[in-house]
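**Student:** Sharing the features that Swiss-Prot gives for it:
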- ASP278: active site, proton acceptor (ACT_SITE)
- 37-47: compositional bias 'Low complexity' (COMPBIAS)
- 52-69: compositional bias 'Basic and acidic residues' (COMPBIAS)
- 110-127: compositional bias 'Pro residues' (COMPBIAS)
- 138-422: domain 'Protein kinase' (DOMAIN)
- ASN137: N-linked glycosylation site (CARBOHYD)
- ASN320: N-linked glycosylation site (CARBOHYD)
- ASN369: N-linked glycosylation site (CARBOHYD)
- ASN400: N-linked glycosylation site (CARBOHYD)
- ASN459: N-linked glycosylation site (CARBOHYD)
- TYR148: phosphotyrosine (MOD_RES)
- SER177: phosphoserine (MOD_RES)
- 29-130: region 'Disordered' (REGION)
- 1-32: signal peptide (SIGNAL)
Amino acid sequence: MRRRRAAVAAGFCASFLLGSVLNVLFAPGSEPPRPGQSPGSSAAPGPGRRGGRGELARQIRERYEEVQRYSRGGPGPGAGRPERRRLMDLAPGGPGLQRPRPPRVRSPPDGAPGWPPAPGPGSPGPGPRLGCAALRNVSGAQYVGSGYTKAVYRVRLPGGAAVALKAVDFSGHDLGSCVREFGARRGCYRLAAHKLLKEMVLLERLRHPNVLQLYGYCYQDSEGIPDTLTTITELGAPVEMIQLLQTSWEDRFRICLSLGRLLHHLAHSPLGSVTLLDFRPRQFVLVNGELKVTDLDDARVEETPCTSSADCTLEFPARNFSLPCSAQGWCEGMNEKRNLYNAYRFFFTYLLPHSAPPSLRPLLDSIVNATGELAWGVDETLAQLETALHLFRSGQYLQNSTSSRAEYQRIPDSAITQEDYRCWPSYHHGGCLLSVFNLAEAIDVCESHAQCRAFVVTNQTTWTGRKLVFFKTGWNQVVPDAGKTTYVKAPG
């Protein structure tokens, strides 16, 4: 598997002329044909599978209708006047996406909807900007990863920008299990591709700073599969929890705040309350320190129907919650509560309280406890996270700190080379680099470290505007350095 993907990425990097390379990367035609099968033919259904084709068509139609519902669920944020257009495709001559030819909607047998999908009644918002033409001369292709349905690659556009490409993984479990069951590769591709299309629609409809940006998409005929779909999105770094536990509390708090803002947006989205059925960290990425959801094919908008509260049990591995059944026959707030508890068990409990400023711990503990008990909704949770941000950013969390009586000599436009020591958590693995609100906090930190004899205030700031400071064991090697200020502990 790895050998195959490495070869794919190498070919991808060499040219990526869409008419040929996308065929190799994303189409089953890149696989050797079976004995007695022409390279462009689809696998024929085995004995007894004719009835199975009807089941496959039913599943395709079900996913197609889901995509249509999300597409016409009202204008997304910032949407202008709705325009008639093919679902997620701009009209010929439009300002954004370009196709090498007009789209052809094909009607498969057995009652399945055509592919690509037919037009919806309205636009999901301003169209993405990139299309097939943007991918003609990409470079530096790298395989990022794959899941049940999709494979993700990292490429660099001719202008230098790095983006992510998503497509149905022809070696993946989703497509493979479908082909084994129904023996219809094209139909199974359409079934899997509707999940990618659903994600594309939701990325457009749910646009938000903590939702991955959709830059564009491309439909391309491939060997044996017409109109294979590739989406072009913002590129992020995978969420590695072990690495995050070694970062500063300030950066970990930013991730939790990002998540709180995302959940608030999902609870009040233009489509209604959206729940993420798969909430594992791998469904998110980090972009410049901000957490963003990237995988939306398992998102659900509809609340759970019920006839009584007995139907409204929210189940998790460690515990269950009982929610009320509304008079309208829906479990009240189940989508919101599911998101919130998953945020608690996957993120808040690990990232929020540890190594936080002592004066903020009571507030942070209350956030963790309340989300773990589902005592708060997303509105109150976000309000408390924003309060913690205000206290931290304004320096009010320092109101109970006592200023040190130690005196420090100020040496402007200077720095100390070497003489480092390690502390945790630090922004620098080889030294002690921490953020401080002001000079008084820097002195307090130095006084609390037995080995600290000096510190250097840099000209760098964190996302909250706090200064980054190097703490040192001495000042034997003070050198000129414009923009930095060294403070050394006075003798005595």
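From the backbone N, Cα and C atoms, a Cβ is placed for every residue, glycine too.
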**Student:** Counting across all protein chains present, how many other Cβ atoms fall within 10 Å of the Cβ of ASN137 (N-linked glycosylation site)?
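**Tutor:** Excluding its own Cβ, the number within 10 Å is 12.
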**Student:** What residues, ordered by sequence, lie under 8 A Cβ-to-Cβ from ASN369 (N-linked glycosylation site) and sit at least six positions away in the same chain?
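**Tutor:** Residues satisfying the criterion: ALA375.
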**Student:** What are the non-local neighbours of ASN320 (N-linked glycosylation site), defined as same-chain residues 6+ apart in sequence with CB under 8 A from its CB?
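**Tutor:** In sequence order, THR313, LEU314 meet the Cβ cut-off.
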**Student:** If we check Cα distances from ASN459 (N-linked glycosylation site), which of the recorded positions ASN137, TYR148, SER177, ASP278 wins as closest?
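**Tutor:** Closest by Cα distance to ASN459 (N-linked glycosylation site) among the recorded positions ASN137, TYR148, SER177, ASP278: ASN137.
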**Student:** Looking only at C-alpha atoms, tell me how far the residue listed as 'active site, proton acceptor' is from the residue listed as 'phosphotyrosine', rounded to the nearest Å.
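**Tutor:** Taking the Cα atoms only, the residue listed as 'active site, proton acceptor' lies 12 Å from the residue listed as 'phosphotyrosine'.
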**Student:** Hey, what's the Cβ neighbour count for SER177 (phosphoserine) at 10 Å?
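**Tutor:** That number is 12.
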**Student:** Looking at Cβ-Cβ distances, which residues of the chain lie under 8 angstroms from TYR148 (phosphotyrosine) while being 6 or more apart from it?
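**Tutor:** GLY172, HIS173, ASP174 - these are the non-local Cβ neighbours of TYR148 (phosphotyrosine), listed in sequence order.
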**Student:** Taking every protein chain in this structure into account, which of the recorded positions ASP278, ASN459 has the most other Cβ atoms within 10 Å of its Cβ?
**Tutor:** ASP278
